[in-house]
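Since the structure comes first, as structure tokens, the remarks are kept for the end.
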Amino acid sequence: MGKTRSKVSVIGAGFTGATTAFLTAQKELADVVLVDIPQLENPTKGKALDMLEASPVQGFDAKITGTSNYEDTAGSDIVVITAGIARKPGMSRDDLVSTNEKIMRSVTREIVKYSPDCIIVVLTNPVDAMTYAVYKESGFPKERVIGQSGVLDTARFRTFVAEELNLSVKDVTGFVLGGHGDDMVPLVRYSYAGGIPLETLIPKDRLDAIVERTRKGGGEIVNLLGNGSAYYAPAASLTEMVEAILKDQRRVLPTIAYLEGEYGHEGIYLGVPTIIGGNGLEQIIELELTDYEKAQLSKSVESVKNVMKVLS
């Protein structure tokens with residue numbers, strides 16, 4: 001019997017989920033199953049068919065299935081969760097947390113039933129708390145439940161730095177710690193352009209402005225769109241994580257991981273530098289932090305814990 005292709009299921013066929021499915025197929029990383037609720041089964045099938053019809057033009061071989069039936073996800077190597085509601089005007093953060101937690105728990109039960117050996121990558125906001133909810137519901141080891149925010153936040157930081165210096169984004173590296181949101185901690189000391197520390201290339205006031213813009217990166221796009229939120233960069237970030245796992249690349253990526261004493265915190269999911277490979281979370285990298293960075297990280301932890309208090 002010939003070797004079968006890897007299988008990736010994406011739960012939630014909105015803009016981010018559908019774009020993640022397309023990028024994953026386009027890179028020939030795996031066959032893809034795109035899942036949404038029964039009421040949206042036809043649009044989900046339509047998106048999958050549309051992607052499939054792009055394959056002869058783009059020149060990729062991958063099977064893409066749209067469905068509302070979790071049986072179709074059986075035996076997935078990776079399951080990406082983008083399902084959930086966005087915060088609407090007048091909705092409290094607690095309402096958002098409660099609603100999305102219920103969605104996470106029901107989705108996770110289906111994932112565990114049909115793909116008990118998979119690795120789960122969570123994107124749904126508030127992502128630190130939602131990843132924790134999935135971890136608890138799944139009963140999986142922490143290595144197999146991770147969240148995405150740091151790859152995206154770092155990508156935004158790198159984009160703004162490259163614009164500032166008029167350089168290729170490929171030559172800019174960076175790292176963002178902490179929760180996803182206003183309390184994220186971009187580690188400027190560990191950020192470089194062509195191996196040269198950013199602090200030697202960009203004046204402090206400009207660097208501070210870039211850090212602040214990174215923190216507000218999601219909001220900037222929401223304001224410009226007027227309706228909806230970012231999806232190209234979030235989907236590209238998810239795809240980078242999927243590729244690192246399927247190809248066992250052992251990439252150093254900022255990932256939302258479960259802490260057990262690292263950075264002085266435990267029992268919480270938080271964005272930290274990690275090594276991502278075939279087992280999912282291969283290792284958490286502990287960096288030496290300054291007192292200021294530690295204080296910033298603690299503030300970030302408190303924000304995440306405040307959201308987690310709402311979890312059942």
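Heads up, the Cβ atoms here are built off N, Cα and C, so glycines get one too.
Per Swiss-Prot, these features apply:
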- HIS180: active site, proton acceptor (ACT_SITE)
- GLY12, ALA13, GLY14, PHE15, THR16, GLY17, ASP36, ASN100, LEU123, THR124, ASN125: NAD(+) binding site (BINDING)
- ARG87, ARG93, ASN125, ARG156: substrate binding site (BINDING)
- SER149: phosphoserine (MOD_RES)
Pairwise C-alpha maximum, in angstrom, for the residues (ARG87, ARG93, ASN125, ARG156) that bind substrate according to the record: 24
Pairwise CA distance, LEU123 (NAD(+) binding site) versus SER149 (phosphoserine), rounded so that it is a whole Å: 7
Those recorded positions of GLY12, THR16, ARG156, HIS180 having Cα within 10 angstroms of the residue listed as 'phosphoserine': HIS180
Within 10 angstroms of HIS180 (active site, proton acceptor), Cα basis - binding-site residues out of THR16, ASN125, ARG156: ASN125
Per-residue Cβ crowding (10 Å cut-off), top of binding-site residues GLY12, GLY14: GLY12
Integer Cα-Cα distance in angstrom, ARG87 (substrate binding site) to ASN125 (NAD(+) binding site): 9
Site extent for NAD(+), whole Å (max Cα pair distance, GLY12, ALA13, GLY14, PHE15, THR16, GLY17, ASP36, ASN100, LEU123, THR124, ASN125): 17
Distance [Cα-Cα, Å, rounded] between GLY12 (NAD(+) binding site) and ARG156 (substrate binding site): 24
Three-state secondary structure, which DSSP defines for THR16 (NAD(+) binding site): helix
Rounded inter-Cα distance in Å - ASP36 (NAD(+) binding site), ARG93 (substrate binding site): 24
Alpha-carbon spacing, THR16 (NAD(+) binding site) to ARG156 (substrate binding site), which is rounded to whole Å: 16
